[in-house]
Structures are given as structure tokens and as C-alpha cells.
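If you look up TrEMBL, you'll see 41-312 marked as domain 'G-protein coupled receptors family 1 profile'. As annotated by TrEMBL, transmembrane segment applies to 24-48, 60-85, 105-126, 147-163, 205-227, 248-271, 291-315.
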Amino acid sequence: MLSAEDNRTSATLAMDDRCRLFDLVVLTVAIGSLCLVGLAGNITSLFVLRRHNAETGTVFLLECLAVSDALLLLCSLVVYSLAPILAYSSVSTASSDACTSARVYVWPFAMIAHTTTVWLTVLVTVTRYRTICSKTVNVAALQVGRTRMHVVCVVIFAVLYNLPRFFEHQPIAASASNATSPEVPPAKPSKVGDSRVYQIVYSNILYYPVMYVVPLLLLAFLNYKLVNAVRIIRQRKRLLTSCQRQGSDHITGCVIMIVFVFICCQTPALVNQIFWAVTTPEERGCGRFHYYYTRISDVLVVLNSSGNFLIYCLFGKTFRKIFLDTICLGSRERKLAGDGQHETVAMRRPSTNGLTQQKVTSARLLSVL
């Protein structure tokens with residue numbers, strides 16, 4: 001007969017198995033699929049936006065946002081999707097150590113890409129608002145040089161702000177932690193990352209405003225102003241041609257939807273950080289509410305970087321036209337190449353009529369002889 005301690009141990013092991021399965025489904029399957037689809041979408045978006053000739057300043061920022069999102073998705077594959085596979089299957093100690101080391105070294109780059117994505121979203125909203133509210137017709141062309149400088153400043157800020165991330169963790173060797181455990185060993189905080197001053201100043205006082213509070217408040221305010229500005233412009237019918245006004249409205253609609261999706265996907269991550277600050281390690285463990293909520297908020301962050309291509313296709317008429325024209329052009333080129341190949345083969349094929357005529361002539365000569 002099993003004792004109470006044995007029953008608790010069995011229940012714990014069963015819960016651990018369920019959590020490993022949950023991580024495999026959510027982090028590997030869901031996030032991994034979103035990353036792959038998002039990478040394809042962002043690469044396609046970058047290719048199409050490069051062919052977009054209108055609204056240079058805003059479109060350039062959307063190109064930069066596609067690059068930043070793609071880098072974040074690449075890092076997310078390593079940070080989120082690898083460990084559950086190794087934890088759910090029997091892996092060697094060397095594989096576990098390699099996975100932990102990869103996550104430690106990729107994590108700072110993931111945070112740099114995340115910071116860049118957050119502030120590029122703010123920058124594209126500010127730029128779009130200034131563009132549609134300006135009385136200068138060619139304001140987009142005038143903003144190109146300034147916009148490039150703003151992007152450089154955002155990237156420099158993201159790198160400098162996340163420099164401490166490179167000294168935040170150090171990997172734990174599986175042999176040093178538990179060689180028989182199927183779990184991939186976690187990253188151990190370094191002396192810097194484990195410092196109480198670091199946790200208070202950097203991880204709380206600086207992190208919340210820089211990554212969540214200030215960007216979300218700015219974007220909510222700017223999106224509200226942007227929607228009102230679009231409504232006013234439509235009512236006044238400014239002196240633009242119908243085609244120009246429609247193209248401008250489509251780009252503005254894309255920006256508004258990007259901001260709306262950003263707010264919806266990033267707000268749960270802010271709530272998750274608040275939960276993290278007020279809960280104990282035991283309350284964040286397997287089977288607790290915070291354990292599942294953290295994974296769901298991670299999925300939403302990845303979804304935010306994966307969905308812009310869909311937004312462009314749904315709300316960007318010019319983007320959709322360029323995308324479809326590119327696909328149709330590629331199919332036409334393949335068809336023309338195939339037709340040209342058939343024509344070349346036909347030109348090289350010897351004429352059977354000529355051979356028949358030669359045979360008839362030879363027969364007549366023989367009969368005469």
C-alpha cells in the first residue's frame with residue numbers, strides 16, 4: 001500500500017508530465033509554428049514594401065519593423081521552442097547543456113529585437129500621425145533622412161539598454177544539476193543578475209516604463225489621435241486626388257491596426273510582469289495559474305510579430321496589389337520561359353518533311369539510273 005508521501009510524489013510526477021506536454025504543445029508547436037509562418041510573412045512583407053513607391057517615410061519604418069520582427073521570431077525559436085522538445089524526449093546531457101547555453105546567449109539578442117520592435121511601432125505611429133496632419137504635401141519625402149536617423153537612434157538605444165542582459169545569466173550544466181532529469185537545466189543568474197540592486201533598478205524601475213507602460217500609453221493616445229485625424233480629413237476632403245487620398249487612407253489603416261494588435265498582444269505581457277513581481281517562486285511553479293498565464297502571454301508576444309503580413313493583406317490595398325502582381329508576374333515569367341523552351345526545341349527538331357522529300361528524290365534518281 002502506498003503511503004501519503006508516495007501518493008504526493010506520484011501526483012507531482014503526473015503534474016510534471018502534464019506541464020511538459022503543455023510546454024510542448026504551446027511553446028514548441030504553437031510558438032514554433034507562429035515563428036515559421038511569421039518569418040515567411042515578414043520576409044514577404046519586406047520584399048513587397050521594397051517595391052512600394054508611396055509614403056516613403058512610413059513604408060521605410062514598416063520595412064524596418066519587418067526586419068526587427070523577423071529577428072525576434074528567429075530568437076524566439078531558440079528561446080522557447082527547443083527546450084520542450086528535449087524535455088519531453090530522452091536527450092543526452094550534452095544536448096541539454098547545448099540548449100541551455102544557446103538560450104543564454106540568444107536571450108540578449110531576443111530582448112534587443114523586442115525593444116526595437118516596441119519602439120519602432122511607436123515611431124511609425126508618430127511618423128504617420130505627423131504625415132497625415134501636416135499641410136505639406138511632400139512631407140513623407142522630406143522625412144526620409146530624419147526617419148533613418150530616428151531608426152538608428154532606436155537601434156542604438158535598444159542595444160545600450162539591453163547590454164546588461166549579456167551578463168544576466170550563466171548556464172547550468174546538466175551534469176551539475178541533475179544528470180538523470182529529463183528537464184533541460186535552467187539558466188542560473190550571474191552575480192549581476194542575482195544582485196538585489198539590479199533586480200530593483202533594472203528589472204523593475206527601468207523595465208516596466210521602457211518596455212510596457214510608456215510605449216502602451218503613447219500608442220493608445222497616438223492611435224486615438226490618429227483615428228480622429230483620419231475622420232477629420234475625410235470630412236474636410238483635403239485637396240488631394242482621389243487616388244492619393246485612398247492610398248494614404250490604406251497606409252493609415254494598416255498603422256492603426258498594427259497599433260491595435262500591438263496593444264492587445266503586449267498588455268497581457270505587462271500584466272504577467274506584474275504577477276511575476278508579486279508572486280513567490282512556488283506560486284509560479286507547474287500547475288499554478290501563473291505558470292500557464294506566462295506561456296499564453298509569450299504566445300501573444302510572438303503572435304504580435306507574426307501577424308503584420310495578414311494586416312497588410314487585409315487593410316493595405318496597394319500592398320495587396322503589389323503582392324498579387326508579383327505572384328502573377330512570377331507565374332507569367334515561368335509560363336513564358338516554358339513557352340520559349342518549347343519553341344527552342346521545335347526549332348532544333350529536324351523536319352520530317354525534308355527527310356521524306358530527300359528519300360523521294362533519291363528513289364527517282366535510282367529509277368532513272
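Placed from the backbone N, Cα and C atoms, the Cβ positions cover glycine too.
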Close approaches to the transmembrane segment (291-315) from elsewhere in its chain (Cβ under 8 angstroms; 6 or more beyond its ends):
19, 22-23, 26-27, 30-31, 34-35, 37-38, 41-42, 44-45, 48, 62, 65-66, 69, 72-73, 76, 80, 114, 117, 250, 253-254, 257-258, 261-262, 264-266, 268-269, 271-272, 275-276, 284-285, 323
Would the transmembrane segment (248-271) count as touching the transmembrane segment (147-163), i.e. at least 3 C-beta pairs under 8 angstroms with sequence separation of 6+?
no
